[in-house]
Amino acid sequence: MLRRSVEIACEAREAYTKRCKEAQHDIDSSGKVLKQRPIIVAASVGSYGAYLADGSEYSGIYGEAVNLETLKEFHRRRVKILAESGADLIAFETIPNKVEAQAYVELLEEENIEVPAWFAFNSKDGINVVSGDSLIECATIADRSKRVVAVGINCTPPRFIHELISSIRKVTTKPILIYPNSGECYDAEIKEWVHNTGVSDDDFVSYVNKWCDAGACLVGGCCRTTPNTIRAIYKTLANRSTDAPM
C-alpha cells in the first residue's frame, strides 16, 4: 500500500504533464491555464503516535517503554520501502518530540537513504513541539543531517506559525516549510476534529504573506484545510512572484 500510494501520485503527475503537452494554447476545456512545471512527489512518514491511534501524535508522549531504538525499528522497514518507491522526497511529518527526530536522522544514515528528506514538527504553544521539547533543539537535530534538505512545521494552528518560523531560523539556513492545519482542535477520545474551532480559508490565507516575509519558502495546508485553501495559497504566492522586483 505504501508503494502503491507513491505510484498513484506519480501517475497523477504523469497525467498532468501529458495534459500540459496536449493542451492547445495552454488552456484546457475548463478554461484553466495548464503550466508545465516540475512537480515533486513526497512520500509521507507519520509519527509513531499516529500508529497508536490514541492521539499521541498531538502529545508526543509515548511512555517510558518507547525509546530511540524502539522508534528506529518501528520506522525502519517503511522508510526503506518508501526510499525505493520512486518518490522524489521523504516527508517526515508531524514529528512531536526530539527522540523521534533523532531516530529519523540515525535511520537515514544507517540505511544510507539517498532520497532527500524534510522534517516537519508540530506545536501547540508556538514555542515548543507538542511534547514540550524545545523546537530549537528539534530543528538543530534536523539541521545537522546532510540528508535533510528542509525543516519546518505542519499540523499546527496558523496563529502559532510566525513565531515558530523565527525560532527555526535561529538554527538553520535550510529552506523552511510551513503547512498548518485549519486551527481546529482534535479530540483524541472521540477521534474527531472539533468543528467551528478553526479559521476560515480567507483568514488562513491572510497569514501567507507574513509567513513568507518571516522566512518560509514552502507553504501549504495540513488537516482540515481544503482544495480551496490550496488554490488560495497558490494565488497568493503567484501574486508575490508577480509583485517581486526584477
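Glycine residues also receive a Cβ, built from the backbone N, Cα and C atoms like all the rest.
Remember, TrEMBL labels are computer predictions, not curated facts.
Taken verbatim from TrEMBL:
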BINDING   Cys155, Cys222, Cys223  Zn(2+) binding site
DOMAIN    1-237  domain 'Hcy-binding'
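Location within the structure of each feature annotated in TrEMBL.
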residue : record              : Cβ within 10 Å
Cys155  : Zn(2+) binding site : 27
Cys222  : Zn(2+) binding site : 19
Cys223  : Zn(2+) binding site : 17
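Take the mean position of the Cβ atoms of Cys155, Cys222, Cys223, the recorded Zn(2+) site; other residues of that chain with a Cβ within 8 Å of it are Thr94, Asn122, Asn154, Thr156, Tyr179, Pro180, Asn181, Ser182, Gly221, Arg224, Thr225.
Averaged across the domain 'Hcy-binding' (1-237), the predicted model reaches a pLDDT of 93.
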